[in-house]
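Quick notes on the structure that follows.
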Ligand code: FAD
């Protein structure tokens with residue numbers, strides 16, 4: 001029987017990063033994945049394919065809208081959905097192949113099949129495509145089995161017309177009317193993809209705002225901007241059912257007045273969140289305890305109720321984000337070898353890859369109000385940025401929240417061009433506990449979108465933005 005120092009179950013961004021860090025630290029490592037390709041939700045049916053589609057459709061949308069103003073005139077513009085989806089598949093393949101390469105490079109054994117506990121130190125691997133079961137012995141286990149889409153019990157998803165994000169990434173036609181249940185990150189990204197392709201898109205959201213866990217100013221601005229590409233929003237609507245007849249899908253909901261409203265379309269995407277995935281792990285055999293909402297219970301060191309068994313990523317508490325899972329993977333690997341790593345969960349940024357992009361890190365204004373912390377706000381609109389004017393990306397703003405007395409940055413929230421990359425400046429500043437004035441006094445290349453961060457920090461410092 002093969003023996004390992006560490007066995008990782010699940011090869012998503014949590015699992016594969018944990019495995020690489022374990023191998024770097026000299027631990028004999030195995031990774032178990034039930035699917036034939038590595039990379040988990042993120043690489044196969046999440047972050048990467050959705051961004052590939054967002055990029056393609058943004059080009060198409062611009063070709064229809066802003067190109068003319070740039071002086072580029074096109075005629076007979078066509079969308080080739082097969083090519084669009086094939087390119088996306090190619091991007092996914094290149095990425096998942098990259099992970100296989102990294103496993104080889106780091107001498108990590110990849111075991112294909114469903115991993116389940118026999119006991120705390122023995123894992124059984126059952127190949128999904130048939131074939132012989134095997135068992136391995138391991139000193140430590142890292143559970144990184146991720147999540148799956150939340151199912152609404154009163155909606156039967158046939159995965160053809162009433163679909164999850166996985167199927168929404170593979171539609172080879174432009175829907176006539178896509179009804180999206182859920183105004184969160186995944187719902188809005190996919191809504192953008194299809195609206196840009198020319199589909200009518202209706203987003204139905206239970207809460208009274210979009211992306212409600214982010215700073216409220218962002219959701220408000222995003223709703224206004226996405227409205228301009230034709231997405232219709234139905235906030236404070238409670239979906240009560242969805243049925244399919246032939247190619248028609250009917251969604252029923254209760255509006256804020258308590259009346260029943262009906263939506264008819266050809267696709268309904270259910271994007272109401274994700275739930276931890278632990279099916280098939282046989283956690284009882286190892287004695288691993290669960291907590292509420294199907295999550296695996298972990299302590300502050302990400303160790304489960306059983307010493308030597310850890311859990312990371314979507315399967316435990318916290319934001320369901322790839323980069324959060326990655327940080328936890330590194331954290332656990334270093335903990336296993338006796339190091340003292342650290343994760344600052346406040347500084348895990350949240351991002352939405354619509355256009356404009358949305359990102360936030362640190363405390364939201366609502367959280368500061370709730371805790372009674374004295375703060376000041378500085379913001380800067382992209383319409384005052386020369387760089388944004390050059391690229392015709394005038395929507396959005398950067399908003400900086402700083403402590404009223406000390407000027408320490410407490411939160412940065414932005415909506416605008418390429419701010420998914422820009423939020424890293426907020427993370428860096430906050431990780432080093434910078435004041436708004438610290439950032440305001442740093443040189444930012446001109447012309448860049450990043451100047452908006454400097455200007456917002458200037459505004460927060462003493463209301464002394466230069467270009468506003
Ligand atoms: P996963 O990536 O879910 O990987 C878990 C793996 O474990 C899977 O491959 C699964 O097959 C395997 N597995 C499960 N059980 C077993 C078992 N018993 N034996 C063997 N293998 C098993 N996050 C971002 O940060 N940025 C984004 O832009 C982003 N976009 C997204 C877009 C979409 C459409 C979706 C659905 C998600 C997106 N996410 C994004 C979320 C991100 O994908 C997840 O947070 C991330 O994948 C979680 O990583 P993980 O390692 O915890 O689990």
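Here the Cβ of each residue, glycine as well, is placed from N, Cα and C on the backbone.
Keep in mind that TrEMBL annotations are predicted by a computer and have not been checked by a curator.
NAD(+) binds 182, 183, 184, 185, 186, 187, 188, 189, 273 as TrEMBL records it, and from the list 167, 205, 259 the residue named for this site is 205.
According to TrEMBL, 51, 145, 146, 147, 314, 320, 321, 322, 323 bind FAD; the candidate from 26, 115, 287 that the record adds to this site is 115. Between residue 446 (active site, proton acceptor) and residue 205 (NAD(+) binding site), the C-alpha separation comes to 40 Å. Comparing the binding-site residues 182, 184 on other C-beta atoms within 10 angstroms of each C-beta gives the minimum for 184. Less than 6 Å separates the Cβ from ligand 1 in the case of 186, drawn from the recorded positions 184, 186, 188, 446 in sequence order.
Neighbour density at the Cβ, taken as the number of other Cβ atoms within 10 Å, is lowest among the binding-site residues 188, 320 for 320. Between the CA atoms of residue 184 (NAD(+) binding site) and residue 145 (FAD binding site) there is a gap of 22 Å.
Cβ neighbour count for residue 147 (FAD binding site): 22 (other Cβ atoms within 10 Å of its Cβ, all protein chains included). The NAD(+) site is set by 182, 183, 184, 185, 186, 187, 188, 189, 205, 273; from the centre of their CB atoms, other residues of the chain with a CB within 8 Å are 180, 191, 203, 210, 211, 271, 272.
In the three-state DSSP scheme, residue 205 (NAD(+) binding site) falls into the coil class.
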